[in-house]
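Take a look at the structure below.
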Amino acid sequence: MAKTKQQKSKPKKQPHQKQGKDCDLSQFRAQLDALGLKIIQVTADGNCFFRAIADQLEGNEDEHNKYRNMIVLYIVKNREMFEPFIEDDVPFEDYCKTMDDDGTWAGNMELQAASLVTRSNICIHRNMSPRWYIRNFEDTRTRMIHLSYHDGEHYNSVRSKEDACGGPARPVVIEADAKVSAASKQAKATESKSKNKADKCHVNAGAIKVVMSGSCCDNTEKAEQVLLQVNGDVDAAIEFLIADQGMESLTENDTETASASDTINPKHASDSPMENTEQAREELIEEESASGNNSETVQAKCTTQTDDKKIPRNKTCPCGSKKKYKSCCGTATGRSSVKLLVSQTMESKKGRKNLRRGTSNEVEANAPDVGALCI
């Protein structure tokens, strides 16, 4: 009885599955046909992923073993990148040895390794589902390998309908995907540019006051210029101005400057900054809690203060540099040198500031995106 039931169930099950797969494949072909693409079937023997890669790059699926060895070797050489993604606690060496055997199915790690070792991006087409992209290279000239994925168990190669299949696959461009990618990059670039521009244009009048008090610098224009260079960071601006004054003092050798230094009141330079700075900080906090001042008001205010204070050129410069005004802040060179000095010293200043505050800055990674292993 058991044997009879088993014989009856076989003919019913097989044609039903075959009909369903044929229907899915027909639907899949129609989906790709709308994009101007066609499926190039490869042998389903456990090597299908490597066969599809070989067809895309050489036009010969029989070269599958060459690409299997190439991909496994890349995984072995980049163990620290791939080992954390091996499942079921399988030892790394055992995994690589098994993957190198003929007929072993490829997984997500092999997809990523194939993209990196062939320096190609990969597009995976799925039946009635969005396309998957493994995009490790942003250069528009990078080759795009096109594969189709069937029922979670088989890969085929995908080519343009006009491709004669006489060699490597011809380049395929899916216009909808290209437009989305370009629009996304442009939007990110525009957002970043506008944010940086807005941050640099706005300098709070209270921040200028705090910087001038903390650094004993009476030159409003110089204080504002430094604040712009450090993106409004009050502590960094104060540290820079103090360091700038110290550097100028060390390089001052002429006797004329030495005699002028006798007129400076040392007590004022050492006692008053702390008190003035604390008071100015409190005023700045109150101002920021209320409505913010716009950049035009700040510029008008700074210009008025500069015009009201006309300093004789032969007098000692009020910025505390111990030099005459005409050879310090009163010259175009003195004003323009601030920008260069800021760029040379800001990294060390920001490092000290972070240690003091106990905070960490967000770092924008410039290194290239290596894509996702788990897709």
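Numbers here mean position along the shown chain, with the first residue as 1.
Cβ coordinates are placed from backbone N, Cα and C, and glycine is handled just like the others.
Features as listed in Swiss-Prot:
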| type | residues | note |
| --- | --- | --- |
| ACT_SITE | Cys48 | active site, nucleophile |
| COMPBIAS | 1-18 | compositional bias 'Basic residues' |
| COMPBIAS | 251-264 | compositional bias 'Polar residues' |
| COMPBIAS | 290-305 | compositional bias 'Polar residues' |
| DOMAIN | 37-161 | domain 'OTU' |
| DOMAIN | 202-250 | domain 'UBA-like' |
| REGION | 1-23 | region 'Disordered' |
| REGION | 251-306 | region 'Disordered' |
| MOTIF | 308-315 | motif 'Nuclear localization signal' |
DSSP-derived structure type at Cys48 (active site, nucleophile), helix or strand or else coil: helix
Stretch-averaged pLDDT - the domain 'OTU' (37-161): 96
For the domain 'OTU' (37-161), residues assigned helix / strand / coil by DSSP: 53 helix, 30 strand, 42 coil
Cβ atoms near Cys48 (active site, nucleophile) (within 10 Å, other residues, all chains): 24
